Amino acid sequence: MSSIIHGAGAATTTLSTFNSVDSKKLFVAPSRTNLSVRSQRYIVAGSDASKKSFGSGLRVRHSQKLIPNAVATKEADTSASTGHELLLFEALQEGLEEEMDRDPHVCVMGEDVGHYGGSYKVTKGLADKFGDLRVLDTPICENAFTGMGIGAAMTGLRPVIEGMNMGFLLLAFNQISNNCGMLHYTSGGQFTIPVVIRGPGGVGRQLGAEHSQRLESYFQSIPGIQMVACSTPYNAKGLMKAAIRSENPVILFEHVLLYNLKEKIPDEDYVCNLEEAEMVRPGEHITILTYSRMRYHVMQAAKTLVNKGYDPEVIDIRSLKPFDLHTIGNSVKKTHRVLIVEECMRTGGIGASLTAAINENFHDYLDAPVMCLSSQDVPTPYAGTLEEWTVVQPAQIVTAVEQLCQ
């Protein structure tokens, strides 16, 4: 993978790293070193095989976080190394369990997260191991238990809040926006809100309009919140662990169709950088930016494109807020063409924000307008054939690349 942060004392860069004005830093929490690991050191390893060692209590600075060659080929697939195979939901569970072992302040709350193990079994076995006080079954009231988690974070705990379905978190939007995202700023920096909000979402199981929403478009405008989307067992575990260790509130998006995806992951402790994209396939002709389930639609299309003589570069952006413009920019400067593929709605979606960011920062490097393929602006139908029609299909990706590369 493009970046691994090793060691029990690992830390991730906070959003405040990007702000040079002191007043802006109040929007997000400053980095804080865990007293129990203060004497340890950690290694940041880049895909170019370079390594940097940092002492205890030091923050990963922006220039250090971004590897010198962010669009380099991955040195080795994790499946080729020693490790163990896990399904994606099992990788999430393993990452959560490891962090609960590591830090007694980590707790879990949500509907049926206890002895039932969660609606998709991400919290299976945690209640038996850690007890009902650290794995708390809540009433069916998202606004209440989300607010409870935020309050717990203000007192020093590190709650992981599960929405049984991401669509249900609309009922907690007031807590997520006015409290989770803004309390660090509105309290004058007195409180940090190290909360992880996670749960299943996306299109693909005929769950109907209410259970198939893509809430990343709703949450991206909330100040102070980071958003990441997992797409493999490897980055699911790494992002889960990094989100729990972050001093900022993080929303982790999980796709219902990816829970049973299997991959070999390392036995050693690792976390993924919350603000770094992953180079999935290096190429020369066009940059394709995607995330979550659409990563696999893009890779399916890439096989067809290669047979047609095209060489697409595929990047899983992973960080939906903030964007890794370093990795994206390096790719744009090389290929000069950009296609964005997302499952989010077209109007006000992640693709629209990413298009704006690319045009603002890399307009002079573009040989063609940025193209974005998104889901239809319609409620998700229940019928399977209609459901698939609303999201981007590989054939559409192939056609779009052919148009952009003419």
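Cβ coordinates come from backbone N, Cα and C, glycine included.
Listed features, source Swiss-Prot:
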type    : residues                       : note
TRANSIT : 1-44                           : transit peptide
BINDING : GLU142                         : thiamine diphosphate binding site
BINDING : VAL195, ALA243, ILE244, ASN248 : K(+) binding site
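Projection of Swiss-Prot feature records onto the structure.
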{"residue": "GLU142", "record": "thiamine diphosphate binding site", "contacts (Cβ under 8 Å, 6+ apart)": "GLY163, PHE168, LEU169, LEU171, ALA172"}
{"residue": "VAL195", "record": "K(+) binding site", "contacts (Cβ under 8 Å, 6+ apart)": "GLY149, ILE150, ALA153, ARG158, PRO159, VAL160, ILE161, CYS180, PRO249, VAL250"}
{"residue": "ALA243", "record": "K(+) binding site", "contacts (Cβ under 8 Å, 6+ apart)": "VAL196, ARG198, GLN226, VAL228, VAL250, LEU252, LEU274"}
{"residue": "ILE244", "record": "K(+) binding site", "contacts (Cβ under 8 Å, 6+ apart)": "GLY95, LEU96, GLU99, ASP103, VAL106, ARG158, VAL160, PRO194, VAL196"}
Near ASN248 (K(+) binding site), how many other Cβ atoms are within 10 Å of its Cβ? 27
Within the same chain, and leaving aside VAL195, ALA243, ILE244, ASN248, name every residue whose CB is within 8 angstroms of the centroid of the CB atoms belonging to the recorded K(+) site, in sequence order. ARG158, VAL160, PRO194, VAL196, GLN226, ARG245, SER246, GLU247, PRO249, VAL250
